[in-house]
């Protein structure tokens, strides 16, 4: 079963696709406090439920399946229980999902751009991560991070984000693991073939950083997490560069690539 990685009232909703917004990094270690300065934590009335990535002082990029009616975004967070001096909280001013997204296909165009209600000030623990200048190559070393579950079956949510390194795999690996993953979906396949390292429930919307560039958004994967032949699937950011840049420039009617 594909796991959509989202936290909703601490329940994993097992649907035909279960996305990762409730998942944590499996097989990782606690992130260094300065290792995730672009990582954004999403909170609603029930608590943490998704992540995003700050791409400039006014915009955050996340997964479309992380959309929620009422939520706040916290930047500069490490421990969810201990306030950082430079931590900042923002609300969404505008949210943009691909107008040509197929609503009945949760895996299609799983990307959302959020304009903040006010600009973020860069600080010791808050620094934006630029959009990629080129697409990633198979074999690239990629960095994953998040507050998602750190155990693959029984959900265990950490107080601090966990980080791990995985590899960008050939798309054929994910096509074999997920026959329902259509070839036209603009996604990346990343993990460890022997298993044991993966994003998991609660990590949805967070970044996949390959060779220092922001290349992917946590979208979905298998349950249990960390299965070698069923790696994580990530929205391919590079393919959406034009859509993202057009919206930021004020062209809010632009469509996403098919």
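Cβ atoms here come from the backbone N, Cα and C positions, even for glycine.
The active site, charge relay system annotation in Swiss-Prot covers 65 (among others). In three-state terms derived from DSSP, residue 65 (active site, charge relay system) belongs to a helical segment.
Reduced to three states, the DSSP call for residue 110 (active site, charge relay system) is coil. According to Swiss-Prot, the active site, charge relay system annotation covers 110 (among others), on the basis of experimental evidence.
What Swiss-Prot records for 204 (among others) is active site, charge relay system, and it gives experimental evidence as the kind of evidence. Neighbour count (other Cβ atoms within 10 Å of the Cβ, all protein chains): 34 for residue 204 (active site, charge relay system).
Within the same chain, the residues at least 6 positions away from residue 31 (disulfide bond) whose Cβ sits under 8 Å from its Cβ are 78, 145, 160, 161, 162, 163, listed in sequence order. Annotation source Swiss-Prot lists disulfide bond at 31-163 (among others).
Annotated disulfide bond per Swiss-Prot: 50-66 (among others), in sequence order, evidence recorded as experimental evidence.
Look at Swiss-Prot and you will find 98-256 (among others) tagged as disulfide bond, backed by experimental evidence. Around the Cβ of residue 98 (disulfide bond), the same chain contributes 64, 109, 111, 243, 255, 256, each under 8 angstroms and 6 or more positions distant in sequence.
Here Swiss-Prot flags 142-210 (among others) as disulfide bond, drawing on experimental evidence. In the three-state DSSP assignment, the secondary structure recorded for residue 210 (disulfide bond) is strand.
Under the DSSP three-state reduction, residue 174 (disulfide bond) is assigned to helix. Counted within 10 Å of its Cβ, the other Cβ atoms near residue 174 (disulfide bond) come to 23, all protein chains included. The feature disulfide bond is assigned by Swiss-Prot to 174-189 (among others).
According to Swiss-Prot, the feature disulfide bond maps to 200-225 (among others), an assignment based on experimental evidence. Within 10 Å of the C-beta atom of residue 225 (disulfide bond) sit 31 other C-beta atoms, taking all shown protein chains into account.
If you look up Swiss-Prot, you'll see 25-249 marked as domain 'Peptidase S1'.
Sequence annotations record features per position, and here Swiss-Prot assigns N-linked glycosylation site to 44 (among others) based on sequence analysis. Residues near residue 44 (N-linked glycosylation site) in space but far in sequence (CB under 8 A, at least 6 apart, same chain), listed by position: 68, 69, 70, 71, 72.
The feature N-linked glycosylation site is assigned by Swiss-Prot to 251 (among others), with sequence analysis given as support. A simple way to gauge crowding: the CB of residue 251 (N-linked glycosylation site) has 11 other CB atoms within 10 angstroms, across all the protein chains here. In the three-state DSSP reading, residue 251 (N-linked glycosylation site) counts as coil.
Summarising the annotation, Swiss-Prot assigns signal peptide to 1-18.
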### Message
For each of 50, 66, 110, 163, count the other CB atoms within 10 A of its CB; which of these recorded positions has the top count?
### Response
50
#### Entry: Cα-nearest neighbour of residue 225 (disulfide bond) within the listed active-site residues, 65, 110, 204
204
### Message
Just to confirm my parser: what is the rounded mean pLDDT across the domain 'Peptidase S1' (25-249)?
### Response
94
